[in-house]
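Each remark here refers to the structure printed beneath this line.
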Amino acid sequence: MTVQYPTIADCVGNTPLVRLQRLPGETSNTLLVKLEGNNPAGSVKDRPALSMITRAELRGDIRPGDTLIEATSGNTGIALAMAAAIKGYKMILIMPDNSTAERKAAMTAYGAELILVSKEEGMEGARDLADKLQREGRGKVLDQFANGDNPEAHYHSTGPEIWQQTGGSITHFVSSMGTTGTIMGVSRYLKEQNPAVQIVGLQPMEGSAIPGIRRWPQEYLPKIYDASRVDRVVDMHQDEAEDIMRRLAREEGIFCGVSSGGAVAAMLRLSRELENAVLVAIICDRGDRYLSSGVYDPR
């Protein structure tokens, strides 16, 4: 029987879980990566983007034809632009101007209006401008950083998928932290199944810049973040994240972004401390969004 989907939105989720073959080396551990770049708009953010819009509709907060606003470093914006196109919303996205050309082009390809702030203003400036536009009546901010529908998407989809795909054998979960929606939702689900599962978050070390994740100043810390749901936070240098990202492509055939390289680098570090463990890391997007930045240039 031919499988048909009503819309592209119905293709979000149920992404593959793949075992790493070469990077782990000799080990008794099983190292797995979840390929979120296989989602229609190319990242893990497809899940919360649809969740935030759909649940807001169900509450009566928005309806097709409205204008939605969001500050983004890239992936959420692309996912929201796709979701808005499917559901009939106007989308205003605000992002730092040092984001890659591929991300900007993807957003406008879906029909979103793109507003750039300076790299000095960064994501903090983008978030402030989004709030300002909402106060001025330009539209409604979805606010992925404070919106409970963000982690709920992962509680109801990503977490259960990982549990099912590992047959409940997962011992460690590793995820980069930006809005923290992925790690919050997955942690809640996995800990309900087995409180012994260890949740490991990744953030850039001081002075490092890894696209899509941040060391947030206290006043901008995502409101959805609950530190008690994370057992360990790993600080990662961008050089290590980029090195593992390139090795994933060349040794495993997995073409991903820098924060995904960081998550796998953290998983590899962790694996060296363990025996007979089952580790899962999130590959949150695809590498084609980073080509213009030069991170994949021959070295």
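Any Cβ shown, glycine's included, is placed from N, Cα and C.
With ASN75, GLY178, THR179, THR180, GLY181, THR182 listed by Swiss-Prot as binding pyridoxal 5'-phosphate, the candidate from SER28, SER228, SER259 annotated for that site turns out to be SER259.
THR179 (pyridoxal 5'-phosphate binding site) has a Cβ environment of 29 other Cβ atoms inside 10 Å.
Proximity to LYS45 (N6-(pyridoxal phosphate)lysine), judged by a C-alpha distance within 10 Å, picks out ASN75, GLY181, THR182 from the binding-site residues ASN75, THR180, GLY181, THR182, SER259. Figure note: comparing Cβ neighbours within 10 Å for the binding-site residues GLY178, GLY181, the maximum is reached by GLY181. The secondary structure of GLY181 (pyridoxal 5'-phosphate binding site), as reduced to three states from DSSP, is helical. Largest Cα-to-Cα span within the pyridoxal 5'-phosphate-binding set ASN75, GLY178, THR179, THR180, GLY181, THR182, SER259: 15 Å.
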